[in-house]
């Protein structure tokens, strides 16, 4: 018997014959993988950036990243649980959306620093942070009020906007590094290696 079929049509939740076989199993496995990625990120930040290199407390981007990855782990846990109990859009999904909104908000903060910190534009960073906080609160409220009708759609729209923010942030920072506006400590990575890494991150 096939337990997980990644090629199953996961778009419909229900068919005339009932729930799509294997659909929830696919999502459960996917969120387990997503949980592990965030778990590894959290472990790296604690064991290496904090304990080994002692850079964590000096770098606001690492701190934002830690909060984002840790909260995203909580979101992944709620998703794993809800698919495990086959309750896709219940209270565990609502909790996961809230955790996800918080996580993406901190990820979006890092984009602001990538774009505006090299130009020392503190005002733009603060205004941008206010925008993302307001967007997060509005999205969370609208999602909960209209849950029965829309479920995760508002959150998915926020994820799309956040993804666009990440692409812009990485692209702008790539250009800053390329033209010499910012520099990277050679003990961490060479300029060429960092430029290649940024290109990979933009694609991902």
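Keep in mind that glycine also has a Cβ here, set from the backbone N, Cα and C atoms.
Because TrEMBL annotations are produced automatically, they should be read as predictions rather than curated entries.
Among the features that TrEMBL reports, transmembrane segment is placed at 20-48, 60-80, 92-116, 123-142, 154-173.
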Q: With pairs restricted to those 6 or more apart in sequence, evaluate whether the transmembrane segment (154-173) and the transmembrane segment (20-48) have 3+ C-beta pairs under 8 Å.
A: no
Q.
Which residues of the chain, 6 or more past the ends of the transmembrane segment (92-116), have a CB below 8 A from one of its CBs?
A. 60-61, 64-65, 67-69, 71-72, 74-76, 78-79, 81-82, 85, 122, 124-125, 128-129, 132-133, 135-136, 139-140, 143-144, 147, 151-152, 155, 158-159, 162, 165-166, 168-170, 172-173
